[in-house]
Amino acid sequence: MARGCLQGVKYLMFAFNLLFWLGGCGILGVGIWLAATQGNFATLSSSFPSLSAANLLIVTGTFIMAIGFVGCIGAIKENKCLLLTFFVLLLLVFLLEVTVTVLFFAYTDKIDRYAQRDLKKGLHLYGTPGNVGLTNAWSIIQTDFRCCGVSNYTDWFEVYNATRVPDSCCLEFSESCGLHAPGTWWKAPCYETVKMWLQENLLAVGVFGLCTALVQILGLTFAMTMYCQVVKADTYCA
C-alpha cells in the first residue's frame, strides 16, 4: 500500500517537474532570442544597466530549469537529499516572492520617487553609443503609450540642452518633428501613463501571481509528501 502510494506521488512529481523544466526552457529560449535580436531591450535604468528583459528572462529560465531538473532526478531516483534540496530551493523562491511583494506595497511611494529619479538619469543615455536597447525601449514606450518624458516632455530639454524632444514624442511622426513646437508633442507623462496601464491590468497580474503561487505550493506539497513516503519506505525496509 505504502509502496503504491509512493509510486503514484513519484510519477505525479516527475510530471510536474518535467513541465516546470520545460517552462524554464521556454523562458530561457525567449530570453536568448531577445538578447540576440533586440540587444538590451527594455534597459531603462541607468543604475542597473544589466536589468534588461533579456537578462531577466535568461536568469529566471536557467533557475527554473535547475530547480525542475533537481526535482525530476529526485523523484525518479527517490533520493531524499535531492527531494529536500528541491523543497528548500522552491520554498526560498516562494518566500522571496512574498517578501518582495510585501516590501513593494509597503514602500510604494519611496519606490516611485527612486524609479522616477533613475529613469530621468537614464534619459541622458538616449541615443548615445552602446545604449541601443535603452533608446529603442524609450522610442517604443513613447510611441505606444502616446507619452513623452518621465514626468513630462520638459525632461528632454535637460538632455538636449534645448527645447526639443525625440521624434517618438510627436503626435504625427516625421523626420526631426521633435524640433517643432510643443503643441505637436504628446503631453502625457510616461511614468504615470505606464503606471495607470499596469493598475488597469492589475487583475491579470494578480491572477498570474496567484497561479504561480499555487503551482509553487503544489510543488512543495509533492516534494514533502514524497520525501515523507521515501523516509517511511526506508524505515519499513530496515
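Yeah, the Cβs are placed from backbone N, Cα and C, and that goes for glycine too.
Computed from a predicted structure; not experimentally measured.
If you go by TrEMBL, CYS169 shares a disulfide bond with CYS148, out of CYS148, CYS190. There are 26 other CB atoms within 10 A of the CB of CYS169 (disulfide bond), with all protein chains counted.
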